[in-house]
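These notes are about the structure you will find just below.
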């Protein structure tokens, strides 16, 4: 059975999967009350091709993967609302406040968070984000007109808000910007291929896939010798400075996930791993001394694949959870 974490994440991502041709059906409580998002309908494609700005109303809990202007107007007191924004791996998200009419003194708030929060867990984790946690929040009631445009540090961001008075609300414009060196990424789909490059930067980057997956690393450049190590209490890549680790878990925060394997040194070839955890993360730790690069592909883990081991596969993890 899917975990609560998977159901929450799938509720966010199911509409994106539908727009990309995925046919997987996931039961989500109250989902039948909402019509599907028409993210990539023919009418929308035509509007965008003609250069028109896409506009629609926001729901209390919503998901956006496209540029446009979006308005929320409270029809009744709304106390626990959030909108999740996601782009392609190589995109950053800019949120502009066009109009805000909320009662800050009466307990309303409108906040942007640089990343995602689910059940108290953050992505990117505090260890991997360039800003301290306190600076990742932008509260409109505190900043007002001072900061009406906020840009994310990765391909995901969110706003969460509380509005007591019917008729009050806000309008935002969402834009996408190119990120030449994508670092922290949440994948929109359960399959894909990606190359992560960290060019002489002292930072950590995580690529998160909210599905059980088969992940295959085909190329890793770290600037030192060959080697592949499973994580053990007395072994691993501690002290190396530059390495890639595979993580698995049931939450969103990579720093709270279980370390499965370390790749300490460069190699060309293929290293494949089956990870049956609710969430899989490939995380690169970089000292800034090298141009580090890793290329990998992934697809959703099928039950049949748990029965067929390949010679180039390393140990499987979390398989009982699927």
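Just so you know, glycine gets a Cβ as well, placed from its N, Cα and C.
Per TrEMBL, these features apply:
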DISULFID  60-81  disulfide bond
DISULFID  104-141  disulfide bond
DISULFID  183-205  disulfide bond
DISULFID  237-264  disulfide bond
DISULFID  277-318  disulfide bond
DOMAIN    52-177  domain 'Corticotropin-releasing factor binding protein N-terminal'
DOMAIN    185-306  domain 'Corticotropin-releasing factor binding protein C-terminal'
SIGNAL    1-21  signal peptide
For residue 81 (disulfide bond), the one of 104, 205, 237, 318 that lies nearest, given that the disulfide-bonded residues are compared by Cα: 104
From disulfide-bonded residues 60, 183, 205, 318, the one whose Cα lies nearest residue 264 (disulfide bond): 205
Packing count at residue 237 (disulfide bond) (other Cβ atoms within 10 Å of its Cβ): 21
Cα-nearest neighbour of residue 205 (disulfide bond) within the listed disulfide-bonded residues, 104, 141, 237, 277, 318: 237
Candidate disulfide-bonded residues 60, 104, 141, 183, 237, pick with smallest Cα gap to residue 318 (disulfide bond): 237
Residue with minimal Cβ packing [other Cβ atoms within 10 Å] among the disulfide-bonded residues 81, 141, 318: 141
DSSP residue counts for the domain 'Corticotropin-releasing factor binding protein N-terminal' (52-177), split into helix, strand and coil: 11 helix, 67 strand, 48 coil
Separation of alpha carbons, residue 141 (disulfide bond) and residue 183 (disulfide bond) (Å): 30
Distant-in-sequence Cβ neighbours of residue 60 (disulfide bond), under 8 Å, six or more positions away: 72, 78, 80, 81
Spatially closest candidate among 104, 141, 237, the listed disulfide-bonded residues, to residue 277 (disulfide bond) (Cα to Cα): 237
Those disulfide-bonded residues listed as 104, 264, and which of them has the most Cβ atoms within 10 Å of its own Cβ: 264
Average pLDDT across the domain 'Corticotropin-releasing factor binding protein N-terminal' (52-177), rounded to a whole number: 94
